[in-house]
Amino acid sequence: MQQQYSKQENSRDFEEFHNIEELKELFLLNSINDGSSFQKVLKLGGDQGLAKQLKSHLLKGIDSEAQVQENREKFGNNDPIEKEPAQLCELILECFGDTMLQILLAAALVSTIIGIINEGVKTGWTEGATIFLAVFLIVSITAGNNYLKERQFQQLRRKLDDGMVQVVRGGIVEISIKEIVVGDILQFGIGDIFQVDGLMIQGSQIKVDESPMTGESDEIKKLPFNEMTQSQSNSKDHHHYSPFLISGTRCLDGNGYMLVLQVGQNTIQGQLKLLLNQDNPPTPLQQKLEGVAENIGKLGTLVAILTFIALMGHLIYDVFVDHKHELLTLLSLQLIIEAFMIGVTIIVVAVPEGLPLAVTIALAYSVGKMKDEQNLVKNLASCEIMGGANNICSDKTGTLTQNIMQVTALWIENHTYMNQEINVTSKISRQSIEIMSESICYNSIANPTKDRDTNRWTQIGNKTECALIELADNFGFKYSNYRLNERILRQIPFSSKRKKMVTAILNPKNQAIRIFCKGASEIILAQCFRYVSTNGVEQVLDKVKKDEILHNIIENFASHSLRTIAIAYKDLEPQTHVHQINEDDIDKDLTLIAIAGIKDPIRPDVADSIRQCTKSGVTVRMVTGDNLITAQSIALECGILEKNRAQQEFEVIEGKKFRDLVGGLVSAKNEEGKEIKVVKNMQIFSKISREMKVMARASPEDKYLLVTGLIQEGNVVAVTGDGTNDAPALKKADVGFAMGITGSDVAKDAADIILIDDNFSSIITAMKWGRNIYDCIRKFIQFQLTVNLVALFMSFTGAVILKQSPLNAIEMLWVNLIMDTFASLALATEPPSIKVLDRQPYRRSDQIVSPTMYRTIVGASLYQIIVLTFILFLLPKFIDCSIPEELIDQKNVVQMSIFFQAFVLMQVFNSISCRQLDYHTRNPFANFCNNPLFWIVQIITVIVQVLLIQYGGKYVKVSHLTLEQHLLCVGLAVGGIIFSVLFKFIPEGLCQKIHLFREEEIKTEKMDYTLTSKLRRKSTMRLHTSQRSKHDFGSLNKMSSDKI
């Protein structure tokens, strides 16, 4: 690349900047637009003067580690910007925002006062204080759970900010984004998102999308500072031709180098990130569950009101019919307060706050595990959506293949060399080797490194270029000698649309301009009219010879699964103004030098993964830029296409033919009246989609068209992509996967999940975890609905018949802790079984609560209600329930303690039954030891429960039980497991028509106005998020207008 920097003499006087603020002012939008930033750089000595003041050099960069450290200490580091997470005490206070808990605490305070008046200070405070303690414990445990979850998400966000870049420090080195310092010379290319602010010092064809920072949708052309200096007298529009590169903006075309001037929180992007909120919005599953929670909450509220009315009815009867006491007494007030607390506690128990909590825990647990299995999740919703994916549109390079490129076939001088023959240079003329190797070295931007001791290469950058550079190195041409060279006049980088790269250089032998071109072999061959023959002699390339090369060389290489790259050149007159030639004309009338066949081995586990996808009901389609024969050969090797079977008409298709057949995209309006893009001919598309497995020579537009049509058909589509132009398809897909190694920054930014290892098998991992999240939530719902139905039924029945709820307020709070926080921890962290991949994916229209789940819920609820009704009304006839002397004043305390103990133990054993969602597994102890956390939670629950029974006494209003009574409770609880196994023999078809709850997906903007949200604290912190978002949005607008 031509060294384009300003020519100020080192002796020339220039201003010195005194602090970071002066550098910040260079990147204010108004200053860039009116040219004052440009003038300021001139006063500071231009790019050379700035580099000198930063103890750097435009060619060598910062050449010592000591200077790097000095600049880091002086100008700051490039650590990612993140908000301070909420502290534990803040989360505890947030939990006290729960409306029902506030009312319960107020009622408990009144109860304490009445108790002290009636019984004195010594004992009157116990009931109210116990409720206060129970509420504080619930709040603390819930807040602690949220605290750990927030920390986990914070670690995830930090991982997302990791990445590698190439800088010049003596030579080109690869460093972490976090290690960039002011003064570094940073290399950038097409698809990169700038992580720092800087001044472009050299580059070619740079076009930048600044809309994320400025709101302008137009592509902004950037010129190196030196070119701006030369052309400033001819142009007054400094903004649209500026050398300033702003963090957060995207490089759409070209490549170059920039002098880093701002890092970290001093950058424009860093200042904005300080204002932005990093909370995660509700996922589709959370929105759907909000509808279930709304219905359960309404039922619970109704039962709470009826229970309160029933208790008030008994009070009125005692006062006005039996004349047991007067109405206007402290006893009546105490009974009213107790009834009110029972009603409020029923709402606390009934409103399933644990549902969104379970989803959050399942997601937090899953994304952590997925990261360990090479899936870096950016969008939490994508985890659960992958559970329903039934189509995967996969790239070839690096995803299905190993992305370890090597030239294994070479056609040059009208002769083909295979494998080790390539390195025998005596068979090829020195002239042909030289022109081919120079073309490779000049016309590339990859930077592989070679270990001097082992001679092994580390491929950094585009792997195809790395393979070609290794070939040139074998012939004795080191690419580093041709980079940062003043001979390079112009460079047009490779793009997936052009499928070729062009570099123009000044030929020192004759001062002519030489154009080097490489790219897709068919495209380059079509533009060639001569070829290099034996001994480097050029010959005419007529149609017959072109057909021979196409069939005997290109298609032959492709049939062996080789990617074919053509290398060509042409010479122009010395006086040609190469920058003025149109991109489409610069690479016409070429001379073909060579065609390289590059092998990229298939990943060893891909065939098994694709077989697993087929078994799981997922269609895998390969969408690649390779030619038809290469694509077909690799698809057969992978198992995407079946061997020894006649192909269907559209099973393998080229992108252009596909696009022509379906008619492209047209505008239409959706149900909400918004304009969207749809496939023009869906009838033809549906026919093609039923057969298509491979799309060759596909452009990013073809991929977007395919994804749009598949989603139109109702499919859940996952897409992989690595290039800048893949971003629209990644955004459009239900789940977009970007390549972590080869993917551009723009692709990673558009994706939902980043494949750290670029491996197709990692997509199977995401699918496995996605299905597991659904399973975990279903297990939790099975458990919670059972507890809810039983608790509501028994509370109402006890209130109507016995004039009291069988579970008092303290016991219900403990039950609430078990069914919300403990159950979500135990059941939402179940690891996935490989068996989840043996069934079909979930459909968009599937109910979360399936008929099989209703069978489990109804069976468990029926058993528990029968057992608890027996304890409540008939137990004293069969066992001794005499009351201990110290609790003689508490009626039925032993019977109610047995009720409480049996109720909680039945939930413990029911949670074991709820772990099984497999419709064919009747053994409740299958996968017994695969989740240690589940058993830890159950053991803690049992220990605390026994302690409450044995030592709770008057504080919890329970009596200690004998060993026989404990064993009775355990026996009744174990009976629940036996009953649930027997219930599974009932045919599933009998439960198909059971639908207790509607499953409407509640819109995000309406979630704060549901009954559940109004009665309980926003467990997903939606209220706080919405308030912060409004504040942040206002701050962002102000920042954008004032600062940028």
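Every residue, even glycine, has its Cβ placed from backbone N, Cα and C.
Listed features, source TrEMBL:
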- 1019-1028: compositional bias 'Basic residues' (COMPBIAS)
- 43-116: domain 'Cation-transporting P-type ATPase N-terminal' (DOMAIN)
- 1019-1044: region 'Disordered' (REGION)
- 100-117: transmembrane segment (TRANSMEM)
- 129-148: transmembrane segment (TRANSMEM)
- 299-320: transmembrane segment (TRANSMEM)
- 340-365: transmembrane segment (TRANSMEM)
- 780-801: transmembrane segment (TRANSMEM)
- 813-831: transmembrane segment (TRANSMEM)
- 852-873: transmembrane segment (TRANSMEM)
- 893-912: transmembrane segment (TRANSMEM)
- 933-953: transmembrane segment (TRANSMEM)
- 965-986: transmembrane segment (TRANSMEM)
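Using the rule of three or more Cβ pairs under 8 Å, pairs at least 6 apart in sequence, the transmembrane segment (933-953) is in contact with the transmembrane segment (813-831). Highlighted: of the candidate stretches 129-148, 780-801, 893-912, 893-912 has the greatest count of Cβ pairs under 8 Å to the transmembrane segment (965-986).
Beyond the ends of the transmembrane segment (893-912), by six or more residues, the same chain brings 783, 786-787, 790-791, 794, 806-807, 811, 814-815, 818-819, 823, 826-827, 860, 864, 867-868, 871-872, 875-876, 881-884, 887, 924-925, 934, 938, 941-942, 945, 949, 957-961, 965-966, 968-970, 972-974, 976-977, 980 to within a C-beta distance below 8 angstroms of the stretch. Same-chain residues lying 6 or more positions outside the transmembrane segment (813-831) and placing a CB less than 8 Å from one of its CB atoms are 131, 134-135, 137-138, 141-142, 145, 345, 348-349, 352-354, 357-359, 361-362, 365, 369, 772, 775-777, 779-780, 783-784, 787-788, 791, 807, 903-904, 907, 911, 914-915, 930-931, 933-934, 937-938, 940-941, 944-945, 948.
On the 0 to 100 pLDDT scale, the model's mean across the domain 'Cation-transporting P-type ATPase N-terminal' (43-116) is 81. Residues of the domain 'Cation-transporting P-type ATPase N-terminal' (43-116) grouped by DSSP class, helix first, strand second and coil last, total 46 helix, 1 strand, 27 coil.
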